[in-house]
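So that you can see what the record holds, here are the features copied from TrEMBL:
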DOMAIN    64-367  domain 'Sulfatase N-terminal'
REPEAT    467-494  repeat 'WD'
REPEAT    507-541  repeat 'WD'
REPEAT    549-590  repeat 'WD'
Amino acid sequence: MLPIPKAILEQDIGPTFHNVWAERYIHYLTEEHQLFGDNTLYRQTTGFRGDLAFNVSIDHEYPPNVILLSIESFRFHDSRYLVGEEDPSNLLKGTNITVTPNFDRWAKRGVSFRNMWSSLPTSRSLESLLFAQVPYDNVVAATAGGREDTKLSGLPQLLSSKGYETFFTTEMKKLAESDMNITRDQWDGPEQRKFSWGVHDDVSFQLVGDLLVNKTKEQSTRIARGDPKKPMFITHYTISSHTPFRARPAWYDEMEKPDFSALYEGEGRPNTIKNYLEMRYFTDMELGKFMDRMDKEGVLNDTIVIIVGDHGRAPEFNKSDTRDVSVTRVPATIIAEGRLGESVGLVIDDAVEHYDILNTLADIVGVPDGGFVQDGVGRSLKRKIPFADSVLLHNADTDHDMKVDLFPDLTTEEQTEWLLWRDIGRDLSRYFVDRWDAMSFGQPAQAGGYLNPNNDYTIGETINDGIQDLAWSPTSNVLVSGSWDNYVRCWEVQQQGTQFNAVAKAQIAHEGPVLCTAFSGDGSTVFSGSCDKTAKMWTLNGPAQGQQIAAHDAPIRSIAAIQEANCVATGSWDKTIKYWDTRSPTPMASVQLSERCYAMDVKHPLLVVATADRQVHVFDIRKPSQIYKSIQSNLKFQTRTIACFPDASGFAIGSIEGRCAIQHVEDKDKRNDFAFKCHRDGSDIYPVSSIAFHPFGTFATTGGDGTFCFWDKDARQKLKTFTKCNQSITTGKFNARGDIFAYTLSYDWSMGAEKYNQSQPSVIRLHSVAEAEIKQKKKPGTGSRNSF
């Protein structure tokens, strides 16, 4: 390990600091290169140097094929071979179980890495494998290339310059059909293999195997004719073991499987762990079939195979950053039949990273004449590695304290050293991420692949499905979200001026997507409604589990805690609103609505319910069992959202047609009703996804156009439109003081399934609200060029 400075001051963390550490990490003893200008990364690499850790015998006149297999959600601890007899995190529970017998069997025939770290707990780790970048937390900047003038330097470019044909195959939906030249009926039909992520591994490994066998035969024919071999490089990305681990081919579902109960009994969420283990075993089984076939067909005699986990998984928590050792540490092996000599069976314990694969392969197959250009981090693993521990140049926000696993058992001195390495890694990671994103986008990107044009704080935990609702505690900066992955999540937002730090506290699960959330008046309890037709109550200071308090005959779309009436109201697609005493399983009252509940809000004594027929049913919650009056929405299209005025005299309502209406309850105030257009971009019209009132009486709207706007209804004036994000905003809420506006970047499905990017998770952002942004600018009636 490199010596760690005794003290690193904040003022020392700058470009010079980063360059020095990057030089020592990237180029330390292993790489011959020339920098282009004063730039740590952008360089011409002409060769490698240093003592060998292992060697791979290559005939450079007839170079071998190379296949890089990136295995979805493959954590290090699933491999008994790599874990060995010691298992410090005890994920294998003291058993001799291996979840991956086929990986283990083949890894013993190669050179394996016990201390490999993934760059990100998402599929974007592929971009580190291919281009050796510190993990970009975005999608566009990598395989898509970002801006059109962005030139990538990675494995495809390196091997193309060596005469390789390059292929990228994945099992993900449309990409699978185009990359593998297959049609939907070949994988999504009578065998019940419907899978939201795409093609299962049994199909894809068969097709990739066909490609390898056929190409190998073509190469033999070319060599026999005296023509160039045209070796090939394939990157293949599996997907069957992707969360939620339930989708599987019918034949595998019916097959007898190993008993993994010792690994999940007594754990939280045992069914999820069981499903994960069974799908990990499924992929391993198909990997074994593929490797055995390639061995039998003679393909492996002329192919180097790299197998690596794209990231790990912590199914016992369903939270990407809970266990660093589970989520970020992955197994890896290089198999080169007949080429490794005495290195067969070698297991390297030194720390290595995803982005080391590029230089490792360059060192194995040979550097092109004149060298090759690269712009990433990483070094050749073929050389002896001077790092004994992870440098942590990966996933800057992962919990590298490993509080659940290893950290508490370290000595005080070891903890201090570990934390120092962690902080160095986080600073370096952010430095290089921003550097790459600035080159690819022209500005830094942030979590989830979304641009952050308003420079707002992004909550570190991304969510792999749509976020439907947010709710703030009325007494503190505690935020909850409800999402389509069935979870209610909670964060405590620490605030210092305009700076935030969101700390994940806990989460609970429903059996279906969570459509609505709310807090009790004292902030101690969270309520949530779901497509599973139930509502739950969760006491934040108690166990992380929900208690069912309500049930409907259809999904619950809206929920509200009414402190003044000591009850919870639920609005459902079963065309009813019900009131519940949380101590009783039967409703206090139930009211029939004209149609399905699409939105609901309450501000004592006003409760409004917007229904599918564009009606707004108004309730005086002092008489909750009868509708006070029904009002027709002033908007012509489907209602999406509704919010009560702070003074309870009326409501703002938004529709899918990019319009809002301001409507009053009493007829005497109708002269003040009006409607206005919003969330439009030229001729493109986007839905209004949410409306939230500020304590000042002004309000915010969010929309499918990726913007949020602040408005003053009394002055009929737009206060501010914020810079457009590159994803729809599905909801937004002010905290109780009104100095934080939380909003979500999440696909809203308005463009249909074809536009859904499954690799792009949902994120929550926090905007620091300046008084000048949200306070009335002029007295009502004075007019403005920003008037509605």
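We number each residue from 1, going along the chain as drawn.
Every residue, even glycine, has its Cβ placed from backbone N, Cα and C.
Mean predicted confidence for the repeat 'WD' (507-541): the pLDDT average there is 96. In the repeat 'WD' (467-494), the DSSP tally of helix, strand and coil residues is 0 helix, 20 strand, 8 coil. Per DSSP, the repeat 'WD' (549-590) is made up of 3 helix, 23 strand, 16 coil.
Shown for the repeat 'WD' (507-541): DSSP residue counts in helix, strand and coil, namely 0 helix, 21 strand, 14 coil.
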